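Below is one structure, written out as structure tokens; comments come after it.
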Amino acid sequence: MQIISIRRRNASENVPKKQPWKPTQKPTEQHLACNMPPETGNCKAYMTRFYYNATANECLRFIYGGCGGNQNNFHTKHKCEHQCSKKQECKPAICRMPPAVGVCKAAIPRLYFNSTVNACVEFLYGGCGGNGNNFDSKEECEQECGRKPACKPTPSHPSGKHTVCEMPREVGPCRAFIPRFYFNETLNECVRFVYGGCGGNENNFETQQECEKKCRRKKPWKPSPIKPTGKPAACGLPPVTGNCKASITRYYFSPEANKCQDFIYGGCGGNANNFNSTKQCELQCGYNYNRKNDPCLTLQQKRNFCAGGKKLTAAVWYFDTKSKLCWRSKYEKCGKNLTMFPSCSNCVATCQAH
């Protein structure tokens, strides 16, 4: 007879043994790094890097100074996305952007995605500025744009609170010095400003033409009537960047805000509502303006000039309030309340606001 041995299992044997707890490897550090704001750092280099924007779930380009900063800083967009972002199932908006050379004058071979031919195409990059449709290699370009269907555009502001053209000027949190244009709804003009290199909003255009095409109203803008203030006529003019492409901080008087505000001047052209400092602007157009002390408005007599009660024969210049021009004349008679200028340029510089 065969004897079969039957052993009862202990109840505890049916319960799987608990594995010792092991902490996960650096999930907290990664999470914190991906949620940090972009930081330019302490140095003043101009390096293109990428940071993860948790709100947009997208890796965006920013300018890195070369030292310092934080861990939300990646050499390529691919590394940034691999570390932080969720997989995108469609082409991002940058894949529809045109190639942008930027504001610098280098000639760096890069690639951009051409949505018309659905392929990555070479172009020459200037070295700074530009947009996100800019890749170092064909592999990076195709991975970002070439192998995904086009994303369906979503409205930037579904609640209808603001359109792009109504957004305020935003420099952004970085500290680069990139000339851009934004639309000033009050003036119905595209005005130059300095962009920090990251963040900001969509009211940010690389060229004045691009800004005007997007935002400028077709009907000619007519300024709202301004009550006579007795101030020089130039104080009511809008700020004008001019024809040149410098980036000079100047100040203009805004009748709407009733104060002096900064704007970016191109370096040539423009109009007389353009001052080197807020102090100069306030003296000419602001609360400190005193019509009685305006040297351009004290010429009430006919080309009669003198200094200290003595007759002089030297040629001088004066501002004629009727013709709004500077004229040349000589001292012939005494007129103690008249203002004289030693040169035409001095007269124009002082009185051009009139």
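Even glycines carry a Cβ here, placed using N, Cα and C.
What TrEMBL says about this protein:
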- 17-27: compositional bias 'Low complexity' (COMPBIAS)
- 34-84: domain 'BPTI/Kunitz inhibitor' (DOMAIN)
- 95-145: domain 'BPTI/Kunitz inhibitor' (DOMAIN)
- 165-215: domain 'BPTI/Kunitz inhibitor' (DOMAIN)
- 235-285: domain 'BPTI/Kunitz inhibitor' (DOMAIN)
- 296-351: domain 'BPTI/Kunitz inhibitor' (DOMAIN)
- 1-30: region 'Disordered' (REGION)
Feature contact check the domain 'BPTI/Kunitz inhibitor' (34-84) with the domain 'BPTI/Kunitz inhibitor' (95-145), CB under 8 Å, 3 or more pairs: yes
Per-state residue totals over the domain 'BPTI/Kunitz inhibitor' (165-215) - DSSP helix, strand, coil: 10 helix, 15 strand, 26 coil
Counts by DSSP class (helix H/G/I, strand E/B, coil) across the domain 'BPTI/Kunitz inhibitor' (235-285): 10 helix, 15 strand, 26 coil
Overall pLDDT of the domain 'BPTI/Kunitz inhibitor' (165-215), taken as the mean: 85
Tally of residues which DSSP labels helix, strand or coil - the domain 'BPTI/Kunitz inhibitor' (95-145): 10 helix, 15 strand, 26 coil
For the domain 'BPTI/Kunitz inhibitor' (34-84), residues assigned helix / strand / coil by DSSP: 8 helix, 15 strand, 28 coil
